[in-house]
Amino acid sequence: MYTKDTIVAIATPQGNGGIGIIRISGIDALAIAEKLTKKQLKPRYATFCNVYNDNEIIDHGIVIFFKAPLSYTGEDVVEIQAHGNPFILNLIIKAALNCGARMAKAGEFTERAFLNNKLDLAQAEAVADIINASSEIAAKSAAKSLQGDFSKEINNLLEKLIYLRMYVEASIDFPEEEINFLEDQKIHSSLEEIYKVILAVKNSCKQGVILAEGITLILVGKPNAGKSSLLNALAGKESAIVTSIAGTTRDIVKEHIQINGVPMHIIDTAGLRNSDDIIESEGIKRAIKKIQEADQVLFVTDDYTNSQVKFSDIKEIIPEFYDQIPKDIDITYVHNKIDLLKEVPHNHANHIYISAENNIGIDKLKEHILNKVGYTNQNESIYTARERHVTAINNAFEHIKLAREQLELGNGELLAEELLIVQEYLNSITGEFSSDDLLGEIFSSFCIGK
């Protein structure tokens with residue numbers, strides 16, 4: 001629920017730094033800032049001044065006042081640029097609280113920007129995405145969303161959709177016009193254009209989610225099959241103990257890397273074998289849980305001579321683990337240690353041949369991983385997207401297909417109903433019709449001070 005009180009928070013990351021920024025927003029922001037600085041502040045001027053708690057100087061720095069509505073939140077906003085010592089910044093926060101401000105909740109500044117129409121919902125989410133981007137391409141894509149590229153695409157689509165829906169509904173309300181839905185080319189061409197645009201946005205959203213959230217890969221296989229060596233080869237550095245002793249990887253090892261700018265979250269699980277060791281058994285439990293949450297499984301085997309290994313073979317290797325694997329999960333069989341062969345088999349289907357120790361076939365494996373998730377590297381057309389965007393677009397796509405079916409049946413009323421449903425799903429992306437629960441969930445994922 002939006003309250004028009006005044007909020008304050010540290011806007012810079014935790015830890016020591018040259019500069020730390022305090023952000024104040026709300027109806028009393030200027031009064032509080034002038035009480036802290038004992039100066040009259042002009043809008044959009046950088047004023048060098050001391051910062052006080054009553055009459056005691058806390059620090060000195062630059063203070064800037066942004067008068068509503070020309071500010072990030074659309075409210076009066078003051079930013080205090082002080083020295084980046086957490087103790088000093090917290091003293092300034094306490095002084096602001098004593099003057100009547102309250103601590104901001106996570107994402108509350110951006111939430112107020114959304115509620116004051118400074119950003120739509122997709123742009124607001126892009127703020128968090130640009131802060132958390134883990135690759136250069138992801139950061140650039142988030143910047144495009146923040147600038148409104150994604151929102152413009154959705155709004156242009158909505159404009160076409162609303163026009164078509166109004167035309168269809170008018171033909172229903174005024175039957176004397178005698179519009180034949182089966183023969184009206186205006187309806188057919190408009191609906192086909194909307195269908196194609198939604199399909200294109202659907203594909204772009206899929207790419208955007210990959211960039212924003214990354215891909216989670218699980219390395220599984222028998223002990224000493226080379227999972228840790230493969231992890232090191234993919235990451236380009238050593239992150240797990242590599243020995244000839246079975247079961248050396250005693251816990252889940254996480255590594256975050258990039259492949260062609262795509263974030264990869266690689267998890268090397270404990271050696272999957274029956275064990276009386278409590279620590280290793282716990283690792284196996286974690287492995288099962290992580291595999292159920294993964295985008296892909298890389299099943300590593302040192303059976304490099306058998307190109308016919310398949311999903312059901314896992315049951316023979318680890319029968320107690322087999323039933324835990326979702327049967328629809330994407331599995332790639334990575335045949336390791338091919339450096340021991342005189343003649344290397346050709347990659348085929350989901351079977352990739354590598355030598356993790358000698359870095360043979362690693363680039364081909366990376367290419368295979370990206371292909372499996374459908375990443376096409378069309379950077380110029382990608383903007384960041386979230387799972388909720390993908391869900392909304394997918395639902396819109398399903399209902400635009402139903403709309404086409406109703407048009408072919410000549411059923412105007414059901415056609416109009418399907419178009420309305422598509423409109424509602426698209427509206428949910430930019431926040432035209434969004435519940436308070438959804439807004440709370442989105443903005444609570446932001447950092448404090450943003």
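First residue shown is number 1, and so on along the chain.
Just so it is clear, glycine is given a Cβ too, placed from its N, Cα and C backbone atoms.
As annotated by Swiss-Prot, (6S)-5-formyl-5,6,7,8-tetrahydrofolate binding site applies to R23, E79, K118, K450, with the evidence given as sequence analysis. Annotation source Swiss-Prot lists domain 'TrmE-type G' at 214-374. What Swiss-Prot records for N224, T243, I245, T248 is K(+) binding site. The GTP binding site annotation in Swiss-Prot covers 224-229, 243-249, 268-271, and the record cites sequence analysis as its basis. What Swiss-Prot lists as Mg(2+) binding site is S228, T249, and the listing cites sequence analysis.
Among the binding-site residues listed here, namely R23, E79, K118, R23 has its C-alpha nearest to that of S228 (Mg(2+) binding site). Comparing N224 (K(+) binding site) with R23 ((6S)-5-formyl-5,6,7,8-tetrahydrofolate binding site), their Cα atoms are 53 Å apart once rounded. Regional average pLDDT for the domain 'TrmE-type G' (214-374) in the model is 72. K227 (GTP binding site) and K118 ((6S)-5-formyl-5,6,7,8-tetrahydrofolate binding site) are 49 Å apart (CA-CA, integer value). For the binding-site residues N224, S228, the ranking by surrounding Cβ atoms (within 10 Å, all protein chains) places S228 first. The Cβ of E79 ((6S)-5-formyl-5,6,7,8-tetrahydrofolate binding site) has A11, I21, I22, R23, I24, V63, I64, F66 as same-chain neighbours under 8 Å, each 6 or more residues away in sequence.
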